[in-house]
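Taken from TrEMBL as is:
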type: REPEAT; residues: B:15-56; note: repeat 'WD'
type: REPEAT; residues: B:68-100; note: repeat 'WD'
type: REPEAT; residues: B:123-156; note: repeat 'WD'
type: REPEAT; residues: B:168-199; note: repeat 'WD'
type: REPEAT; residues: B:213-245; note: repeat 'WD'
type: REPEAT; residues: B:258-306; note: repeat 'WD'
type: REPEAT; residues: B:320-361; note: repeat 'WD'
């Protein structure tokens with residue numbers, strides 16, 4: 001198996017690298033051969049040219065066959081679910097990801113898909129994250145005279161996906177994100193009002209790298225992580241449970257591909273929580289990265305820098321009119337002002353601002369860099385701190401947030417070492433901690449993202465060209481010729497003799513950030529798009545059609561109360577769960 | 001090899017006490033204290049003093065405290081902060097512990113100093129065994145490394161608070177040792193991947209790796225900067241010690257090799273020593289799996305023409321320093337007036353203090 | 001059930017046990033502390049040791065994934081043991097070149113010798129040259145005392161190791 005060049009290359013910048021080889025024990029499925037005494041067998045293993053292993057039994061040799069009986073040995077299969085349940089590595093197990101969620105897999109499914117008339121036809125749908133569009137836009141713009149907008153890129157990708165690949169629908173995920181943000185806000189108020197056992201601070205749940213890391217090494221953080229699904233998984237619900245109904249398709253009759261800026265989104269899609277057992281299907285069937293989409297386009301000879309027809313004309317979304325038999329046109333590229341990683345914090349800040357009668361004053365403090373910023377909302381009249389939040393990107397900052405939240409909430413951090421520190425010491429720390437006034441108030445919310453720079457610089461994004469050529473060896477230390485592996489390498493141009501910081505080109509991240517906000521200033525102040533109230537109307541239609549409240553007429557707002565059964569459906573469709581992963585306990589497979 | 005045993009290694013004291021293998025010794029840079037750590041999960045503290053001002057006499061040592069650490073596994077590494085008021089421990093349980101002396105009501109009561117030390121915080125983050133810890137020259141930064149291939153840099157804040165400044169994933173294997181430059185904020189790390197790496201802080205970005213040294217043919221176990229910071233010595237499983245010269249701000253060059261051990265070299269230490277020549281670059285001590293302690297005098301060659309070379313002379317050597325056991329750590333005493341003193345820790349659980357004395361005496 | 005790297009290994013008959021009983025084989029788990037109490041370092045106590053004695057210590061260690069001893073699988077043999085001046089080099093032969101159990105087998109040999117031999121012996125453990133696809137990596141790991149020490153503090157690994165060593169020293 002050869003690794004896709006794009007994957008290996010971009011993975012070099014994955015924020016959390018696997019520290020150990022895969023240790024998942026593999027079940028041996030072949031039954032023991034009858035009558036054969038253990039210890040008396042004479043066998044050898046042969047490998048054929050295709051790399052398959054054969055067991056050759058020398059006992060079975062007889063006159064009729066000069067060769068011993070050969071039995072093809074089953075290859076060990078490790079599923080993505082095994083990866084998620086294992087603590088051997090923190091994030092991606094490359095080879096597993098490649099076979100199960102790759103652009104090759106997408107092509108395979110599409111090419112073996114029977115014609116639409118067939119009952120086995122799977123209706124192919126693709127949805128693309130705005131950060132992925134921004135990465136493509138920045139790359140195309142870098143060699144173009146004029147900047148190319150996200151809308152233009154979306155149109156070009158739409159023409160490619162429908163015309164060349166045969167997808168039936170192509171969406172961007174901003175409407176799903178809008179619903180995720182509405183549900184996120186709702187959850188925040190639930191926690192604020194102390195409903196249920198969930199507490200504050202609430203920590204963002206959209207970053208699967210962070211969620212995975214917390215499940216494996218910081219179980220004490222899990223109660224704080226928002227239960228709301230990420231935009232990718234909300235999109236999965238929208239397509240399989242809502243639009244599917246309108247199309248008259250069962251979930252398993254739809255093949256849903258998501259294009260994401262991040263490898264860990266593949267792991268997220270594979271979580272058992274997002275597996276529909278009734279229909280044996282997932283909300284998102286396959287996740288490919290921006291880099292893999294670009295590879296697909298290149299393999300199909302598609303030039304993204306060539307304009308397509310009407311590429312600057314926005315579509316008119318169906319916003320109201322709840323005729324559930326009519327397929328809605330989803331709003332496209334909805335701007336959520338704040339951060340390019342989903343604006344979770346800013347959405348809550350504006351919700352808090354709207355909720356309180358008194359005018360509030362916002363102060364922002366960068367802690368060392370723009371990847372860690374604290375936002376404090378004060379009542380202008382009383383000076384009281386009403387909300388304290390932070391955005392925190394990157395593995396290093398994440399460590400500090402985990403420490404801080406652990407301290408503030410008094411939960412035992414990590415694997416319990418802190419719990420062993422003498423009580424007197426903790427008392428002393430508490431005494432000292434009771435200093436400043438703002439320090440006293442803990443965070444209400446933290447927008448946690450594992451990648452420095454946030455989602456626009458995710459591990460699956462396109463890299464600035466110069467960086468690729470600097471690296472002559474791959475992750476495992478083997479020399480790689482990136483050009484031969486299908487990775488575009490621009491030759492020439494002076495290269496720094498001193499290696500740059502690990503997280504790569506900040507300048508490039510700025511370009512992608514700029515493309516993400518297109519013509520808006522970066523980041524925009526805080527204009528709420530005129531569209532949003534109408535988008536909310538469509539969101540309410542989604543809620544009514546998915547949750548089926550008895551009194552659908554009274555649903556005027558996302559947070560309008562519904563009957564218990566409808567609330568149960570809402571939780572089922574829009575929220576998820578997390579669980580701590582035990583560390584390795586099988587002696588045979590311990591890596592030491 | 002230029003061998004001139006003009007000095008002897010004289011045993012000052014043998015300090016048994018650890019119930020299992022002693023991994024490392026660390027001299028307090030400010031006070032007359034020596035600490036050791038062990039697989040028995042404890043840290044032992046000894047005080048020492050010289051009777052009178054006579055530099056010719058050896059100091060006497062007494063055990064003052066055994067600290068049961070909060071670690072659940074071997075305490076592999078120990079390092080004092082430059083102030084001498086705090087020490088850090090790195091353990092196989094993957095955590096880094098920070099210890100301070102218990103606050104007493106009658107503080108600064110010099111004579112009856114309490115020696116009760118307590119763990120004031122635990123730094124978590126490494127996934128597997130922490131192998132080495134070290135404070136920067138000013139004591140504002142703490143580094144640690146682990147089998148998880150990472151090097152972590154923490155900023156030391158008041159009241160036992162720490163902020164993570166960087167997680168460096170540059171090595172391809174187990175990281176064995178971290179060592180800060182004696183004056184600048186440059187960190188060096190040594191690894192099972194046979195390489196040495198240097199890191200600095202880019203104020204507009206994060207900590208990053210600026211250079212990698214290759215040349216050793218096996219695990220690099222230990223690093224020691226020369227007292228002036230212009231050289232770095234590295235000790236390896238390939239039975240050699242290499243000395244690297246800083247040729248410009250961010251470049252190091254291999255200039256000298258020392259051989260004198262028959263098994264893995266686990267530890268090197270480099271201090272000013274008591275050499276007299278004007279070209280003297282200090283004394284370098286090494287030890288390892290062969291149970292031998294070697295002391296080398298490092299000096300610059302007299303001719304200007306060969307300025308990228310160094311001279312070394314083995315001035316003292318002792319075999320079976322800890323009987324049949326491996327010796328895991330060697331450290332020169334950093335305090336003025338005690339430059340001829342070094343401590344070792346062995347698989348026999350003991351700590352020994354040695355003095356380099358002229359062969360005639 | 002775990003992955004088995006060599007599901008059907010070749011089993012060989014055992015050789016006769018050497019008649020001379022090694023003085024080192026005094027117990028199955030003789031820890032360093034106990035040995036120290038016996039004052040091994042005393043010169044009058046220093047016993048020479050030969051290949052067969054070392055082989056006797058390790059031949060009946062159980063393979064981690066088969067109900068056979070390392071001798072039966074020809075993983076170890078007396079000829080593959082070299083005795084130098086207080087230095088013992090043990091070579092072993094994994095049953096298949098991709099054997100993922102090699103580090104565990106090597107570790108069990110090391111721990112067995114560590115527990116039985118007086119501390120004056122330094123031990124090097126290597127896979128037979130050319131017998132394993134990751135020969136250098138396996139050798140490097142087995143001879144890194146720090147990695148070995150840490151491994152023995154991993155409860156899951158230690159439990160597996162004790163199972164392999166439970167049969168060591170058995171006469172049958």
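In case you wondered, yes, glycine gets a Cβ from its N, Cα and C as well.
Annotation: stretch B:168-199 has the most Cβ pairs under 8 Å to the repeat 'WD' (B:213-245), among B:15-56, B:123-156, B:168-199, B:320-361. Between the repeat 'WD' (B:15-56) and the stretches B:68-100, B:123-156, B:168-199, B:320-361, it is B:320-361 that has the most C-beta pairs under 8 angstroms. Long-range contacts of the repeat 'WD' (B:123-156) within the same chain: residues 73, 76-83, 86, 88-98, 162-185, 187, 189, 191, 197, 199, 207, each at least 6 residues beyond the stretch ends and with a Cβ under 8 Å from a Cβ of the stretch. Residues 20, 23-31, 33, 35-39, 41-43, 117-124, 126-135, 137-139, 142, 144, 146, 148, 154, 156, 160, 162 of the same chain lie 6+ residues outside the repeat 'WD' (B:68-100) yet bring a C-beta within less than 8 angstroms of a C-beta in it. Beyond the repeat 'WD' (B:168-199), the same-chain residues lying 6 or more positions past its ends with a Cβ under 8 Å from any Cβ of the stretch are 131-138, 141, 143-147, 149-153, 207-214, 216-225, 227-229, 232, 234, 236, 244, 250, 252. Here the repeat 'WD' (B:320-361) is broken down by DSSP into helix, strand and coil counts: 0 helix, 20 strand, 22 coil. Residues in the repeat 'WD' (B:68-100) partition by DSSP class (helix H, G, I; strand E, B; coil) as 0 helix, 18 strand, 15 coil. Within the model, the repeat 'WD' (B:168-199) shows a mean pLDDT value of 97, rounded to a whole number.
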